[in-house]
Structures are given as C-alpha cells and as structure tokens.
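K.L.:
Okay, here's the structure, questions in a sec.
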Amino acid sequence: MRVAVIGAGVIGLSTALCIHERYHPAQPLHMKIYADRFTPFTTSDVAAGLWQPYLSDPSNPQEAEWNQQTFDHLQSCLHSPNAEKMGLALISGYNLFRDEVPDPFWKSTVLGFRKLTPSELDMFPDYSYGWFNTSLLLEGKSYLSWLTERLTERGVKFIHRKVASFEEVVRGGVDVIINCTGVWAGALQADASLQPGRGQIIQVEAPWIKHFILTHDPSLGIYNSPYIIPGSKTVTLGGVFQLGNWSELNSVHDHNTIWKSCCQLEPTLKNARIMGELTGFRPVRPQVRLERERLRFGSSSAEVIHNYGHGGYGLTIHWGCAMEAANLFGKILEEKNLSRMPPSHL
C-alpha cells in the first residue's frame, strides 16, 4: 500500500511512525513523507516542549483523552535509553495568576499538582494565586531528529518538496494521504476556521533557571503574558500570540515586550546571554481536525486522513492524535480487506 504523509512537524512524523509500527509488519507500506520544511525549520522546532494543555476544557472531549494518552506514552519512555535523544525529561514549575481560578482538567494527569503556599507566592509579588506541579519536557528539535531517525531505519522515504494540491498526489497513485500540514492546511483544502497564531520566543543561556514559570492574564489571552521554560541547553522566554499574523520576521517590538516582562518576572535573567530568537505559527482551530475523507479526481481516488489544527499544544497532544489516525488507517485497511493486523502494543 502506498502512503503519502504531507508535513514533517511533530504531528506528521509521529503519525507516520505510529502507523508504520502498527501496520507495516502485516501489510507492507510504501511510505513517503513530503514537506518543504524539515527540522530544524518547522513550527515544532520553535516549541519549548512543556507538556501542558490549555487551562480551559477542550470543546471536543476527545482532545482531553488524546492529551492523556500522550502524557502516558511519554511517561512510559521517560526511563528508556531513548529518553535523552528524544529530548524527554521531567520538569517542575509554577503557573501564576492574579486571581483565584478553577483547577485545570489535567490536574490529575501531571505529578504532584498543588496550590502554591503564601511563602511561594512571596517570590512572585505581582501574582496572588498559583499552582505547582511536575510535568514532562519534550524538546521539539531533539524529538523531531529522533523521529526522523526511527522512520529512516524503517525505510520511510523523505521527499523535500512542497505539495501544491491533493490532486497531484492522488493522480500519482497513492492509496492513502495523511494530511499533517498544520497552519498551511488551507493551501490544500479551504478551511475558514484555521488561522495562524504567531509566536515569538527568545532563547537565552541561563543554567541557573531550573523551573518553568507560566503566567496567565485572561485580559490578554493565552500566551500573551510572560513565560519562562528551561530546556537542556537554553531557556525559552515568551510570549506572544497574534491571531492572523503571517509575519515570519522577528519583531523588535515583540522582543522588547518579551524581554522586559520576563526580566520583571525573573530579574536574574537580566544577566543572561541571548542565544537566539525564533518566530513560528501555531495552527489555531476551534477543534483539532482528525477525520477521514475520500477524494476523487477523474478516475483516480484516495483516502485522506486529516490531522491538523493543534494550536499551541501539538507536542502535548501529538501521540494521542497519532494513535487515533492509526485507528482510522486500520479501518481503511479493513474496508480494503487488507487487515491481518497484529494487536497494537503502543
């Protein structure tokens, strides 16, 4: 069976690996991954990689399940020999608010969730309420490299080319297309509900920062208040969230806003050396689009599995979505009478 995966961010690569691991042993798959951007030039490479969903309940309850499945999968990998190459580690830190808020739906997923004590809040004089918990860090650049290695070992081919239309892929004789094009999905099929959520980050050298610090201001919206997330080599400072802004240029205004607010939150950052600055686009949509569609162009047709629209939480939800996409792929095989599938061990 010929499979074309379009998109090489965390969603595309993880979905490709999940499908190939589950079905290739019983039904040989000739899989190619098409993209005009590979690591380190994808949106996933810009992500700091903290596992944390949005604070509000998802409009699609299934997304909460996909978040949980991703956490469980990553936690099972935490002590494996692959963890370091994956960019996977435990990380603890703070969520800060100016007013009391309800506990998040994911509080029982993360480890050691609790409310901050008065003495802890004294460290953050601009905030009066907060949580502390331990979560997972999955650094995008390391993880994409690891996924690429796993897929290459399995014989999956990578094609550095922009796909202009579904029609060109279908007419090329592909049986199944996996559409993981993220914020650019609208170029292949119109989707009025998909928008870019532009983000900009500063990476600094600050090895003394050990905990993440996320602040929340409902009046500014998600990702528009300062956050600090330490990684294995650098610390990520953010953030901005600009809906509908397609500018890939780093903004001096946004840089100054991020730097000033993060240094106010953690004054020791004033001594940190700036290592880099990146801009990326979150694929914002009211809900993740994860569904099947059959496309026909003349006498040629193919099944398409859409998997995009993960907003700013692609790394948080990716493996649950990959497993669901693999389930849809299995149904396609069943309908084609090709399913001699072994039980999943994922």
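Just so you know, glycine gets a Cβ as well, placed from its N, Cα and C.
For reference, Swiss-Prot lists these features for the protein:
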type: BINDING; residues: 8-11, 36-37, 42-44, 48-50, 162-163, Thr181, Arg282, 311-312, 314-316; note: FAD binding site
type: BINDING; residues: Gln52, Arg282, Gly312; note: D-dopa binding site
type: BINDING; residues: Tyr223, Tyr227, Arg282, Gly312; note: D-serine binding site
type: BINDING; residues: Tyr227, Arg282, Gly312; note: D-proline binding site
type: REGION; residues: 1-16; note: region 'Required for protein stability'
K.L.:
Name the residues of the same chain, 6+ apart in sequence, whose Cβ is under 8 Å from the Cβ of Ile11 (FAD binding site)?
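P.N.:
Residues satisfying the criterion: Ser44, Cys180, Gly182, Asn307, Tyr308, His310, Gly314, His318, Cys321, Ala322.
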K.L.:
Other than Tyr223, Tyr227, Arg282, Gly312 themselves, what residues in this chain have Cβ atoms within 8 Å of the centroid of the D-serine site's Cβ atoms?
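P.N.:
So the additional residues around the site are Gly197, Gly199, Ile222, Gly238, Gly239, Phe241.
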K.L.:
In the structure shown, with every protein chain counted, which of the binding-site residues Ala8, Ala48 has the densest set of Cβ atoms within 10 angstroms of its Cβ?
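P.N.:
That would be Ala8, with the most Cβ atoms nearby.
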K.L.:
Can you tell which of Tyr223, Tyr227 has the least company, meaning the fewest other C-beta atoms within 10 angstroms of its C-beta, among these binding-site residues?
P.N.:
Tyr223
K.L.:
Calculate the per-residue pLDDT averaged over the region 'Required for protein stability' (1-16) and state the result as an integer.
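P.N.:
Value for the region 'Required for protein stability' (1-16), mean pLDDT as a whole number: 98.
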K.L.:
For the binding-site residues Lys162, Arg282, which Cβ has the most other Cβ atoms within 10 Å, all shown protein chains included?
P.N.:
Arg282
K.L.:
Can you tell me the three-state DSSP label for Ile11 (FAD binding site)?
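P.N.:
Reduced to three states, the DSSP call for Ile11 (FAD binding site) is helix.
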K.L.:
Taking the Cβ of Thr42 (FAD binding site) as reference, which residues of that chain separated by at least 6 in sequence fall under 8 Å from it?
P.N.:
Ala8, Gly9, Val10, Ala35, Gly140, Leu144
